[in-house]
Structures are given as C-alpha cells and as structure tokens.
Amino acid sequence: MTESYFASIAPIEFEGAASENPLAYRYYDKNRVVLGKRMEDHLRMAVCYWHTFCSEGADMFGPGTFHRPWHIGPMDQAHAEHKLNEAFEFFTRLGLPFFCFHDTDVMAEAHTIREHVDNLARIGDRIQEKMAATGVKLLWGTANLFSHPRYMAGAASNPDPDVFRFAATQVRHCMDLTKRLGGQNYVLWGGREGYDSLLNTDLKQEKAQLGRFLKMVIEHKHKIGFSGTILIEPKPHEPTKHQYDFDVETVYSFLVANGLEKEVKLNIEANHATLAGHSFEHEIATAVALGVFGSIDMNRGDPQNGWDTDQFPNDVREITTALYYILLGGGFTTGGNNFDAKVRRQSFEPADLFYAHVGAVDTVAQGLINAAAMIEGGQLAGIVKERYAGWQGELGRAILDGKMSLEALSDGAVAEGITPRPRSGRQEMIENLVGRYL
C-alpha cells in the first residue's frame, strides 16, 4: 500500500496551554467537563470534505498550487477511493468526531444522471466501511447543486423543469446515503438559488418552485424515516448577485410562508453573516430566538473584502460570544461546528492543513471555556434580566397576554400622567465585563 500523504504527521494530542508544539491542542481537551458535559460533546466538531480534499488552491488569477496526489488524473472510482482513504487518515490523525460532504466531493465523476446515482452508491459502500473501521461519524451530507453548468440559473429555482428534476434526483439519493451512513443532519445550501438580473427573473415563480422543492424534501425525509434535521444555510450573495436565503430572518420568513418553520432549522456560517452585514452572534441569537437554530459552519470572513474568504476562525472574542448564545439556547442537538474553511493558496504542504485545523479547534475550545464561565458567572444574564424586569410585572404581562387594548393603554397613561425616564444601557460596562472572561 502506498504511504499516506499525511504519514509525516503524528496524531494530534492535547498537551495543555503551556505547550509550544504547533501540532498539539493547547485548549481542546475532548474529555474536559464543561457545564456538566464533555467538551467533545458540546462542540461536535467536523472536518469538511470539500475545502480540505477537493480544493486545488486555484483562484481567479491563477491555477492550483496544492498538487495533492488525488488531484492527478481522471476522477474515476480509483481516485475517489484514494481521496477517501486520505480523508480518513486526516480525520483520525486530527481526532475530531465528525465530517461533512457534498455528493460530488466523494464520488467518481459522472457524465449522466444514471452514472451519478450509481457512482454515489458505489462510494457510499466504501464510506460506510471507513466509518465502521475508524469510528468517525457523519455530521451532515448535502448535494452540490451549484458547480455544474446545468445549475448556472439555479437548481430548484431554475426556469427549466428538467434541471429541477436533476436536482431532485441528487437530493433524493444524497439524503438516502446520508441516512444509510447515520448522518445526523441534511443540509440545503442554495448557492445559485437567486438571480443576477431582475430583468430575466420571475420572482414569484422562482419562490414558488423553491417552496415546492423544500416541501418535497421534507416529504421524502419522512417517507424514508430519516430522523436527522433538515438544515438551510443562509447566504446573501455569491455566486449570484442576490440569493433568496439572504440571512436568518429571510429564511425564517420563507419557512413560515410555506408552513415549514417546525420542520427545518438553520446552518449558520460566520462568513455568510459577515457578507449579510451582520455579526456572527447576531445570526445565532436571532435563530435561537426564532426557534430555528440548528448547526454552525465555523469559519471567518474578512470585513475588508466583499467575498467569501472562508478562513479558519482565530478570533477568540467572536467565538466566545457566539458560543455564549448557543449555550443560552440549550446548545447543539443534532448540529455541531463544521470547519467550512480552506488554507490559503500559499499554504500547500500537508502540515498546513493540520496547523489550520489545530488553531481553529483551539480557538473554538477557548470560546467554549470562556462562554461557560460567562454562563456560570451569571452577571451578563442578570443585567439583561433586570433591564426587562418591567415586562414581568403586572402591566407588562397584561400587555403581552393581550389583555390591554391600545385605547386602554393610552387612557391609563394619560390618567396617570406617566413620565418615563431613560435608563442607561450600560453598554461599555457590559463590554468590559465580557472582556474579563477572555
């Protein structure tokens, strides 16, 4: 057997905060108990297949620089299995419990719809064997409905019903495989479900198609007995000018309009929040408040660039506040932290993939430790509770319970001659408080 591409890298171990080994975890101790649960079980971290094993390091101005062995030659079954073997070598050396994939990431290239179905089933057998041998689990699967030229005008929102049918075929078989592999979620990302120009777009028609597609996905989920969660991943633009799943609020409105808000949750990506003009924690807190928080694509964007840079997370403060709101919402159930991130074009050596993931894992672990301390301290929650205390009183409850009319409120306010006075929001004090946990 040919030596693994990653043979020079030993399994990554926890060595503690004092370690100077760049290929060791300093904060991620998977068995450390945080808020009554093992760190590994809190964070449920996953490696993504696409950026890690499919990216060739190309950009708009130059060709690939990575030259991985599995990038050479036609993407036939032998190459797909070569890539799969290396992927599981990476997963096991990194020691994370989950991975995620698109159908076309893992399978041999297909030239017909029949080949697509057959090739996916064939590689599915090999994936099942590798999972059984290593204990690595599948966080979620998804179908790539954006890369092939057939999807240049969208998949579910495409003007051509045959493209819609092809997309439906991919989703059906990818969900079937996800179920077979014990996947805990199935993701829908509408990379080209949007438009580049309104001049050739029928918005009402396309949104009706999207709604029907999603309903069929839910119907199939129940038909096959898939117990996982269906997730939608919001993104405002790129590759289209405007995407229909713009942000959390937009997706929630779409779900409500189609009566699916109890069936679907959201997979929130940090970089997509940046592109939508939101903070990462805003999108998380909004999803938690609306009851649709599901999972995380953990990465970072660059606020000075207007595109999806998909960098590995390294901002402990941002991750701390993000995880604080996740913990407040009860934490993950079927979801987790998928590292939807890629090494930079100049980082082409095998070790670079490990440096990137080790740093990201430790950043998230630090964030969890800090967020847990904030929860245990209780000061921030206490400040917020006190700020809204009036709504827990008799008047506040009567308003929210629908026992007061606009007229009654107005008459009472005038009769009492109320003179509300502003109260400080204490923003700077609260920011200082959070800083003490970092």
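Cβ from N, Cα, C; glycine included.
The candidate list ASP202, ASP297, ASP308, ASP315 contains one residue that Swiss-Prot assigns to the Mg(2+) 1 site with GLU233, GLU269, ASP340, namely ASP297. Secondary structure at GLU233 (Mg(2+) 1 binding site), as computed by DSSP, is coil. With ASP105 (active site) as the anchor, the candidate binding-site residues are GLU233, GLU269, ASP308, ASP310, ASP340, and the one with the nearest CA is ASP340.
When secondary structure is read from DSSP and collapsed to three states, ASP297 (Mg(2+) 1 binding site) falls in the strand class.
The sparsest Cβ neighbourhood within 10 Å, among the listed recorded positions (HIS102, HIS272), is found at HIS102. Cβ environment of ASP297 (Mg(2+) 1 binding site): GLU233, ASN267, ILE268, GLU269, ALA270, ASN271, HIS272, ASN338, ASP340 lie under 8 Å away, each six or more residues apart in the same chain.
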